[in-house]
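Undergrad: Quick one: the structure is below, and I'll ask about it shortly.
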Amino acid sequence: MASATDPCSFSSFSKCVTKHLNLTFHVDFDSHVLKAKVALTVEVLVDHFTSLTLDTKALKVSKVTANGQAAKFTLGPKHSFMGTPLEITLPFDLSRGQHVIVEVTYETAPSASALQWLTPEQTAGKKHPYLFSQCQANHCRSMVPCQDTPAMKHTYYAQVSVPKELVAVMSAVRDGEEPDPQDSSRVIYRFRQPVPMPSYLIAIVVGALESREIGPRSRVWSEKEFVDKAAFEFSETETMLKTAEDLAGPYVWGQYDILVLPPSFPYGGMENPCLTFATPTLLAGDRSLSNVIAHEISHSWTGNLVTNKTWEHFWLNEGHTVYLERMIGRSMESEQFRQFKAMGGWKDLQESVNTFGANNPLTNLVPNLNEVDLDDAFSSVPYEKGFALLYHLEELMGGPEVFMGFVKSYIQMFAYSSVTTEEWKNYLFTYFKNKVHVLNKVDWNNHSPGCLYDTTMADACIALCKRWVKTKEGDLGNFCEVDVKTLSTHQLIEFLSLLLQEEPLPLSHVKRMQEVYQLNAFNNAEIRFRWLRLCVKSKWEDAVPMALKMATEQGRMKFTRPLFKEVYNFDKYREEAMRVFIAHRAAMHPVTANLVAKDLKVDTD
């Protein structure tokens with residue numbers, strides 16, 4: 001039995017487990033708070049149970065009851081990033097197997113790390129405010145007092161009161177709406193999530209939202225300015241869902257909707273059940289970016305249905321999801337395409353390892369997260385190191401069909417529960433019981449297989465990269481537009497990624513590259529991001545304002561942090577990078593602002 005503690009949570013789940021949450025939110029845009037109540041249905045695991053601890057962060061708790069009776073509560077000492085334990089003493093004692101409903105009345109802080117409140121000016125429509133949440137990894141506690149650990153899975157029901165000109169959606173099935181009996185200017189939206197899920201997947205969005213149907217179980221949601229474009233971009237959603245079901249088993253969540261957020265959303269996507277969140281940087285008029293949606297769809301099985309027990313085992317969520325995402329790519333495109341994406345991922349892994357330092361414990365597949373802020377630990381390591389391990393095992397065990405059989409069986413075995421690496425590994429050895437002698441040869445403690453992917457699709461990118469690196473200034477006339485005409489968007493991204501791994505190109509080279517390839521004209525965010533980094537690295541001053549514009553007009557951390565860092569490293573513009581960040585900081589998502597401040601060594605208080 002794995003230890004029933006989590007270094008990132010105050011709540012010990014060895015004494016009691018949350019089975020259901022009943023949430024009531026009153027969304028107050030004037031004061032930027034949720035006035036809220038949560039009733040937690042808690043199952044007791046020990047005899048003589050008299051107290052429990054919940055995770056909170058900057059919550060103002062006014063009242064606690066247990067089965068309707070007043071319960072004493074105290075807030076413990078505040079931890080720098082984990083928040084504050086809420087210690088609740090029950091007015092009675094309970095025995096193992098009994099249930100208690102603990103109700104907490106509280107208010108969130110305007111600075112709640114899970115919530116971003118946008119002014120009308122920060123939205124596409126410019127007329128109405130907007131609220132969205134991002135609870136992964138451990139920010140749910142700033143929105144709901146709970147056992148904020150992925151070890152704990154529960155169902156939930158919610159009622160959300162919002163101004164009647166706005167719409168609320170959640171990571172759950174919509175369950176109707178009605179006028180708010182307390183206030184005729186407001187409406188209450190109801191939601192139910194019947195599938196048990198961890199607290200980090202609770203999600204809420206309130207804004208001037210519209211939706212379009214894009215499939216038999218899918219709608220796309222966004223502000224009206226984006227909604228038709230989003231419906232076009234994500235029209236392949238049902239095909240991807242069916243492909244994933246063929247690989248991994250039935251989709252259990254009912255609805256699969258996609259919500260396109262305002263630009264400040266800090267991630268490419270977030271796999272909230274029934275309602276994937278997506279960055280508007282995907283709406284580039286180029287469907288090559290659908291792998292983000294393939295990734296979030298894959299999480300419906302690996303992450304949401306089978307969940308890492310604690311964040312040290314995050315690779316179980318992300319490594320398997322990348323593996324499944326690339327298997328969807330293989331089914332819908334080709335094996336060569338999967339290999340090509342795997343090569344790109346290997347480069348991302350090398351970049352993360354170089355950033356952290358090769359001996360940094362955060363590059364371990366299963367890192368020690370004691371006293372580690374999870375936002376600081378986030379990187380491509382669990383995604384790509386996890387994928388590399390699974391790909392290595394696939395090769396050892398007999399190829400993709402054989403290994404996908406294991407992945408599907410693992411999902412069925414651990415569905416609706418949370419697992420550790422040890423439990424995953426034990427199941428691997430059980431499933432491949434005839435090949436234990438091969439598995440025993442894997443270096444489990446220091447897993448780092450070489451990059452041995454099929455390079456067919458990458459060869460053209462590698463060749464073009466080498467030409468640019470080796471060409472002398474006098475020979476730049478040999479490059480022409482035709483060089484990139486036959487490259488797919490994925491290959492163009494790869495070409496720029498390869499150049500970023502080299503020493504900075506001479507300024508004359510990047511100027512010529514713009515002349516012949518017209519890269520400034522590309523709207524695809526993945527291309528634009530790499531191209532602008534390349535220009536700033538080469539000290540092309542004209543690119544600095546464009547890089548800072550991209551870093552601030554959207555808030556996806558994958559783009560924003562490296563662009564700011566690149567300008568910061570250009571000595572002449574270091575002060576400018578800091579000035580632009582400080583000017584835009586208030587409009588950024590709190591997690592993004594905090595991490596960019598650390599990157600630029602700006603005071604984080």
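Cβ from N, Cα, C; glycine included.
Automatic prediction, not curation, is the source of TrEMBL annotations.
From TrEMBL, for reference:
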type: ACT_SITE; residues: Glu296; note: active site, proton acceptor
type: ACT_SITE; residues: Tyr383; note: active site, proton donor
type: BINDING; residues: Gln134, Cys135, Gln136, Pro266, Tyr267, Gly268, Gly269, Met270, Glu271, Arg556, Met557, Lys558; note: peptide binding site
type: BINDING; residues: His295, His299, Glu318; note: Zn(2+) binding site
type: DOMAIN; residues: 456-600; note: domain 'Peptidase M1 leukotriene A4 hydrolase/aminopeptidase C-terminal'
Undergrad: Would you give the longest CA-CA distance, in whole angstrom, between residues of Gln134, Cys135, Gln136, Pro266, Tyr267, Gly268, Gly269, Met270, Glu271, Arg556, Met557, Lys558, the set recorded as binding peptide?
TA: 18
Undergrad: Other than its own, how many Cβ atoms are within 10 Å of the Cβ belonging to Gln134 (peptide binding site)?
TA: 25
Undergrad: To the nearest Å, how far is the Cα of Glu296 (active site, proton acceptor) from the Cα of Gln134 (peptide binding site)?
TA: 15
Undergrad: Which chain-mates of His295 (Zn(2+) binding site) that are at least 6 residues away have a CB under 8 A from its CB, listed by sequence?
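TA: Set apart from His295 (Zn(2+) binding site) by at least 6 residues yet with Cβ under 8 Å, we have Gly268, Gly269, Thr321, Val322, Glu325.
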Undergrad: What residues, ordered by sequence, lie under 8 A Cβ-to-Cβ from Tyr267 (peptide binding site) and sit at least six positions away in the same chain?
TA: Gln134, Phe277, Thr279, Arg556, Met557, Lys558
Undergrad: Taking only C-alpha atoms and a 10 A limit, tell me which of Gln136, Glu271, His299, Glu318 are near the residue listed as 'active site, proton donor'. These are the binding-site residues.
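TA: Hits: Glu318.
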Undergrad: Just to verify a number: CA distance, Glu271 (peptide binding site) to His299 (Zn(2+) binding site), in angstrom, no decimals.
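TA: Cα-Cα distance, Glu271 (peptide binding site) to His299 (Zn(2+) binding site): 6 Å.
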Undergrad: For Gln136 (peptide binding site), what residues in its own chain, 6 or more apart in sequence, show a Cβ-Cβ distance under 8 Å?
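TA: Sequence-distant Cβ neighbours: Tyr200, Leu201, Met270.
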Undergrad: Cβ within 8 angstroms of the Cβ centroid of His295, His299, Glu318: which residues besides those meet this for the Zn(2+) site?
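TA: After dropping the recorded site residues, what remains is Glu271, Glu296, Ser298, Thr302, Gly303, Asn317, Thr321, Val322, Leu324, Glu325, Tyr383.
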